[in-house]
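Data first, discussion second: the structure below is written as structure tokens.
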Amino acid sequence: MSTIRHDIVIIGGGVAGLRAALAARDAGAEVGLLSKVHPIRSASVGAQGGMAAAMNNVQDGDEWKAHYEDTLHSGAGLCDADAVEVLCREGPDAVRELDAAGVLFDRFDDGSVAQRPYGGHSKARCCYSGDKTGHSIVHALYWQCVKKGVHIYPEWYVWELIEEKGTVCGCVALEIRDASVHLVQARAVVLATGGIGQLFSVTSNPFASTGDGIGLARAVGARLRDLEMVQFHPTGLYPRGILITEACRGEGGYLINAENKRFMFDYDPRGDLATRDIVSRGIQTEIDAGRGIQGLPCVGLDVRHLGREEIMKKIPQAAQIAREFANIDLATQILPVSPTAHYFMGGIAISLNGEVYQEGSSQQVIPGLFAAGECSCLSVHGANRLGCNSLLDGAVFGKRAGVSAAAFARGSDQISVPDVRTSIVSEEMHRWTRGTRLDISSGQLRARLQQGMTARTGVFREDQGLRKQQVEIQEIRNQMNSIKYLPRKGRAHQAIERKELLHSLVIAHMMVEGARKRTKSVGAHWRIDS
């Protein structure tokens, strides 16, 4: 056990966390970043398509107001207009800052950052690095953090936040390598832990996306909002759910059903470039009507007409995924796709500067606690996130949270925290891994949760299924004290799996409750009984 001290602690190593760390460091703070996985393996690395910004490099008359209107329209009336204005106004500068940090954006012949069309956008404003944009951004930000002296703790799992005298002043963390428990003290904490995809059995998210930051915030009295709003990306590789970038359709690819028909124009005049909620519902409707290709619950994505050269130039990662996971050559074959749980529009309620609001209040914040990225919620995405706005969200509001946390830290004294918390956490872990009577594991309970959430809180929802899922969640909770300990698997990993499941159950319960209360369909929340 040890005690570590920093001015600011960032929890999470994706785009939002790295951008917050860099902003806080540039503001003069001494920064530590804790990440459950190494930052270059974070979920942000899987963001393929690009980052939206009204830079007008295509010379099509684009401006931030047009981006603003597109975002509001995609959000189906539930966006916070002030937050959307900040996102769209600051977008071009965010791209320029990333460009200066070393992100390898594709270029037009005149040297400007290349931009392409994307679903739901009225202008070609998606800035990209092939179809590996998240990968490029994370690597550039990570090395900037290393260069500027951010202390990075990869494969550390945050067990709980520490609150003293009404202020969040650090956390207790588990070093996964050796199961050692550490007290991490700070003047401010920024949560940037990403999404909740692992609540579902079919998801584009990595195994680490279990909603930890949302659970941590809830435990210290944070307000959560819009938890029923889950975006299902239209094109997950069937049956795994691995993301197949929307850039495939942005570059001219299209969806077909068993009748070889381009069906999306039956659902929206924008066809394959409609917003994600509309495309996902179109695909699911075709599947439910028995028009899936080859008799399977999926439709086809066709990019063959682009030709091998363009495919390898514009969407090489999609081609690699198709080849390695489905043994399909995109230049000659159709790819089977279906909706996959992708992005969480809900989360921890925050201000424009990342301050976390207290439960029951729209104004009172929790001193010392900030959040950014997918774990947070400004309602900037409303009921349906516009494609290419997630990396932008992480960059814009990650920076704002880092700057705000640094300002808070400058005006705050370090609060002394008794190291008894580490002993309490160690005992809790020991109690969880003593072995039990029933032959059941955290993994089995998670699989049960995932199957129910996928079946009952997916693209289409109805009250009867939601009520059944509420019962299912409670039954899983009742079995949490009967989890089997497997000595060969390792104490730390099993304790973490259990803690992750606890966080996921809290979120799942509130998600289903919110879905039942919202009886009208809007955006990604679609009630077939409304």
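Cβ atoms are placed via backbone N, Cα and C, with glycine included.
TrEMBL has this to say about the protein:
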- ARG276: active site, proton acceptor (ACT_SITE)
- 12-17, 35-50, ASP212, GLU374, 390-391: FAD binding site (BINDING)
- HIS233, THR245, HIS342, ARG385: substrate binding site (BINDING)
- 7-391: domain 'FAD-dependent oxidoreductase 2 FAD-binding' (DOMAIN)
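Taking the features listed in TrEMBL, we show where each one sits on the structure.
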| residue | record | DSSP class |
| --- | --- | --- |
| GLY12 | FAD binding site | coil |
| VAL37 | FAD binding site | coil |
| GLY49 | FAD binding site | coil |
| HIS233 | substrate binding site | strand |
| ARG276 | active site, proton acceptor | helix |
| HIS342 | substrate binding site | strand |
| ARG385 | substrate binding site | coil |
| SER390 | FAD binding site | helix |
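Measuring Cα to Cα from THR245 (substrate binding site), the binding-site residues that fall within 10 Å are GLY49, out of GLY12, VAL37, ARG41, GLY49, SER390.
Listed in sequence order, the residues GLY49, SER204, GLN231, PRO234, LEU243, GLU246, ARG276, TYR343, GLY387, SER390 complete the 8 Å Cβ shell around the substrate site centroid, once HIS233, THR245, HIS342, ARG385 themselves are left out.
Neighbour counts of Cβ atoms within 10 Å were taken for the binding-site residues GLY12, GLY49; the minimum is at GLY49. The Cβ of VAL37 (FAD binding site) has 20 neighbouring Cβ atoms from other residues within 10 Å, across all protein chains displayed.
Rounded to a whole number, the distance between the Cα atoms of VAL37 (FAD binding site) and HIS233 (substrate binding site) is 24 Å. Counting other Cβ atoms within 10 Å of each Cβ, the recorded positions ARG41, HIS233, ARG276, HIS342 show the lowest value at ARG41.
Considering only the residues assigned to substrate binding, HIS233, THR245, HIS342, ARG385, the longest pairwise Cα distance works out to 15 Å. The Cβ of SER390 (FAD binding site) has ALA47, TYR343, GLU374 as same-chain neighbours under 8 Å, each 6 or more residues away in sequence.
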